[in-house]
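As written in TrEMBL, here are the features:
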- 1-23: signal peptide (SIGNAL)
- 28-359: domain 'Peptidase A1' (DOMAIN)
- D46: active site (ACT_SITE)
- D235: active site (ACT_SITE)
Amino acid sequence: MAARWALAPGLLLVLALLPSASSSMVHFYVTVNIADPSKPYFLSVDTGSDLTWLECAASNGACERCNKVPHPHYQPGPPSYKVIPCTDSLCDTLHQDLDGSSIGVLSTDKFSLPMAKASNDHPDLAIGCGYDQGKNAGKVMTVDGILGLGPSSVSLISQLKNQKIITKNVIGHCLSTKGGGYLFFGEENVPVSGLTWVPMAPRTPRKPYPYSAGHATLQLDTMSIGTEPMEVVLDSGSAYTYLPELLHSQLVTALKASLSKSSVEEVHDPELPLCWKGNGPFKSLDDLNKEFKSRMSLNFGNGVTMTIPPENYLITTEQGSACLGILGTGDIDMYLIGAITMQDQLVIYDNEVGRIGWAPSLIDRMPQA
């Protein structure tokens with residue numbers, strides 16, 4: 001059943017999403033104007049992070065051990081920039097939640113936001129200024145920084161709610177397999193029906209992930225992959241979906257078996273570890289669906305399922321290969337659901353009620369702010 005919309009007047013922020021330049025990297029970002037006078041920056045849409053931050057130039061004008069970013073490095077300064085003292089509650093929250101290796105300062109600066117009916121569309125919001133990326137420096141990046149969408153008080157969405165710029169701490173995003181999509185804040189564009197909802201699992205020091213949908217089991221068609229339910233974490237800042245190595249190995253074995261009568265063949269592709277080619281290059285979703293028939297699903301119990309069709313676990317590369325966008329890693333004990341698996345779905349993070357919802361969506365139809 002398609003989600004049914006009931007557009008209501010109110011406070012709403014809608015940002016158009018842009019895809020990364022890499023054909024195999026499922027990565028989405030927004031353009032946000034920051035400072036006074038404002039300058040544009042590309043920020044990765046990241047529900048796995050709380051803090052919004054930019055790579056920036058330090059007070060001496062230099063960016064120590066930084067990456068090459070699309071725009072000139074953010075240069076904090078008057079009249080809009082203000083350092084947040086370490087005694088501030090936002091700073092305390094950041095120290096509790098921060099999991100990164102960038103060195104910088106926490107400050108406020110002006111954000112220019114496309115708000116509907118807002119009394120203040122240039123609010124002063126907390127932002128991290130990272131001027132030393134340590135051992136991670138020296139890369140060519142597609143973004144200038146991170147748009148942190150976690151639920152903690154330092155996140156952008158919580159600040160907008162606290163300043164009464166939006167009325168509800170609700171986030172929605174649609175990530176398109178065609179590239180692009182949209183992101184909105186506030187409850188006005190949440191469909192009144194058609195969404196599948198699960199309770200948002202509580203965040204704890206041992207489980208610091210911002211958005212957990214609880215526990216589920218994985219299936220490929222009707223075959224169970226593993227036996228024990230595991231936590232499902234949604235992280236739009238992760239390009240790929242990740243599983244523990246043993247579970248991933250079982251999934252790959254089952255997927256290869258499902259392709260035994262197909263015309264596809266395994267090939268080497270520099271983009272990802274496991275790839276296939278067909279009779280011709282894979283160029284579209286139709287090409288994928290002709291050869292790959294198996295669907296994955298996460299089963300949460302009580303009849304609640306997240307369906308994962310081929311286009312949500314496969315990526316087409318510049319070489320015309322179809323590659324598995326679900327990877328194995330030895331350092332997690334959960335299903336980490338990345339952007340690839342959330343494509344062509346409306347995903348809602350309702351921090352007011354404490355629930356996560358999803359539904360297939362017509363992403364080409366962007367809500368109006």
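The count begins at 1 with the first shown residue.
Glycine too: its Cβ is placed from the backbone N, Cα and C atoms.
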Taken over the domain 'Peptidase A1' (28-359), the model's mean pLDDT: 88
D235 (active site): tally of other CB atoms within 10 A of its CB: 21
